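Peer 1: Taken from TrEMBL, the feature transmembrane segment applies to A:7-29, A:68-101, A:122-144, A:150-175, A:195-214, A:226-245, A:257-281, A:301-326.
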Amino acid sequence: MDLFSDPAIWLPWTFAALMGLSILMYVILDGFDLGVGLLVPLAEDEDKDLLVASIGPFWDANETWLVLAIGLLLVAFPTAHGIILSALYLPVFVMLVGLILRGVSFEFRAKAPASQKPRWNVAFFVGSLMASMSQGFMLGMYVMGLTWTLPHVAFALLTAVFLTVGYSFIGAAWLIAKTSGELQKRAVGWAKRGIWGLILGIAAISMATPYVSARIYEKWFSMPEMLYLSPLPLLSAAMVLYLLWQIKRLPQDNDRSAWGPFMAAMALFVLAFGGMAYSFYPYVVPEQITIYEAASAPESLLIILIGTLFVLPAILGYTILSYSIFRGKATELRYD
Amino acid sequence: MEYPVDTLLLSRIQFGANISFHILFPTITIALGWVLLFFKLRYNATRESKWMDAYMFWVKIFALSFAMGVVSGITMSFQFGTNWPGFMETVGNVAGPLLAYEVMTAFFLEAVFLGIMLFGASRVKPWVHTLATFLVAFGTTMSTFWIIVLNSWMHTPQGFELRDGVVFATNWWEIVFNPSMPYRLVHMLLASGLTVAFLIAGVSALRLLWGDRAESAKSTLRFGIIVAAGLIPLQILAGDFHGLNTLEHQPAKVAAMEGNWETGPNIPLVLFAIPDEEARENKYEIGVPNGASIILKHKPSGVVPGLNDFVAEDGTKLHPRVAPVFFSFRIMVATGMAMLVLSWTGLFLLRRYGAGEMPRLPLYAFAAMSLSGWLATLAGWYTTEIGRQPWLVQGVLATKDAVSDVSAGMVLSTLIGYLVIYAALIFAYIGVILYLARKAARGEALPSRGYKHSGEAEVAVMQPGE
């Protein structure tokens, strides 16, 4: 079957890829700013503003990738959208409350009377924690096939903790790159501890996924697929080893390798995500509905795709512009 | 599906609560973005620091409103799936692309350039900062456009065909330019302009009442009053056209708005009444003879639709609940009238006394009307959205067919959670605006750093107010 001859085949595939891309963008980008939110209570009071300032110009656009991901799920796979979100009703609620609390805290903590700032710092942390935990929980539930049984919920709680620690790791890696001096040293310390959550999280998902589904087990542990896929775990292992080695040596003179941990963490997220995508393809609701069954009408998808081809490069362009405008070490944010 | 009715009602309340909370903030940011651009351009042109001060004061409120709008908007996008899965399953082929275009053409634009607008002034060239301000305003308006297109299409759907109960798009031009879209878009944009004009006038009036002598407060008071006075007649006109459009496409809604039960000529304009849906009549009615016929048909003998036309033979009501539509419509109109009177009085006083010497009484009135735009917008929103019931998409999808089968208890507990958070946030939001105004009035707001071009205005800002 030629993948690109039938729009009913290649359009769902393309949209699954686009959705995957925006989920990945979200996990990396909002991952690091959620992570910074999680680290706020660990920072000294005088450093808290700098932590928030390091993500201030970015968090909003980072979060938009989530809206795009959910939007694509909704437009491209409407039936799956309903099934997944109804099954995850409660964690979605927790995440939304978390995102609300955290999003408004950015603004309130800077504008409310100084005496209320500690309160908004707490809201910022709690919001970040709620969002991270619930996303981890949803990931765990998704891997387990969206069924609410006790072992599945227990597993999801585990992934909730791992993802949260993983986010704080990438947040710490971001801070290593964006700060200097004492704060940077502390960030290295946070990263040293956080990396274990990341490793355990990836390991847990990697082992649980094939365990839950014989189909996924087949996909991974049969020849020659195992051979083709071997770069995924091998590269991941290499990244982990690099991180363990690099974090010990940071910070270095002239701030060398300060971006190393962040880049490696991004690579790890990409690899883990690639593995998941391979496992679940072609399903959008695990083991129930494939992307081809759930897809919207080709003519609607085509309408979106045409726009996407024009708009996505523009989005990437001005996202890069924004990161380059705010490159360098984080400084106090001022409205002038 | 143990308590489907309760889930439906609770889901409606939850969605209503979420969208009511959400709409407050776009209503402010849509127009405030352009106002900020205006302040910035005035500053670029005149180099008077009062315009930069105005920008600096209002950009904080913009940022706060924007954050509130973003986070509550994300909630909305998830609610389609959690509470109304039938919506996307039935009309996803139309709603999906519209929402996707909103995210792609508007959300990212706003979000990225907001960062530059808020924090980038010292990092980019001044014209880039002005451009960022423009792009944020433009993005916000684009976002409004797409959302209004979708919302209007739900009221006046066209350009599609039904196959096996699922909507398929046949003509995107007809979908986007559906019959009620232009009216709704203009009505919403003007509502935002009025909301912001009254907010700016009200907060500036408060600052003056608190002894603020800053030039920026006087200028923004003048700005708010002039914009309000200019927009309100346009809004009344736009509202009238919108009403006529609704009469054509959703007569049941207009019948409920008018509180008219029987179709016929010489229908009075009901000023006040208590509609009784069981008895199918109005109690305590006070009306202007032939008023509704004249407004809707432009002649006393004009035939106006009545609610009794929208009852199926088995007694099922095909019209919305009358009382909420009837009363929210009156609240909207009454608020609009108060806006007309106050803004034109303000205009007169402005000519007579100037912004700095405005008597205290009208200043109090403007301060009291600071949030009148919210009231009118919410009331208008309820009129049109409750007025669409029992349909979610007029004639295509009934609200009850779209609701999710999650348990009523789940919807109720999350509803309570949302309400608590929303109440706390509204409280904090208004508190912060008042705090910022008080801080400015006390002269504690720092003069805009990095924009020290005009020395004397700077001094004026620094003077302690009281």
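Cβ from N, Cα, C; glycine included.
Note that TrEMBL annotation is computational and uncurated.
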Peer 1: Thinking of Cβ pairs under 8 Å, which stretch from A:7-29, A:150-175, A:226-245, A:301-326 has the most of them with the transmembrane segment (A:68-101)?
Peer 2: A:7-29
Peer 1: When only pairs 6 or more apart in sequence are counted, do the transmembrane segment (A:301-326) and the transmembrane segment (A:7-29) reach 3 or more Cβ pairs under 8 Å?
Peer 2: yes
Peer 1: Which listed range (A:122-144, A:195-214, A:257-281) shows the maximal number of Cβ pairs under 8 Å with respect to the transmembrane segment (A:226-245)?
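Peer 2: So the stretch in question is A:257-281.
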Peer 1: Honestly, do the transmembrane segment (A:195-214) and the transmembrane segment (A:7-29) touch, with at least three Cβ pairs under 8 Å and pairs 6 or more apart in sequence?
Peer 2: no
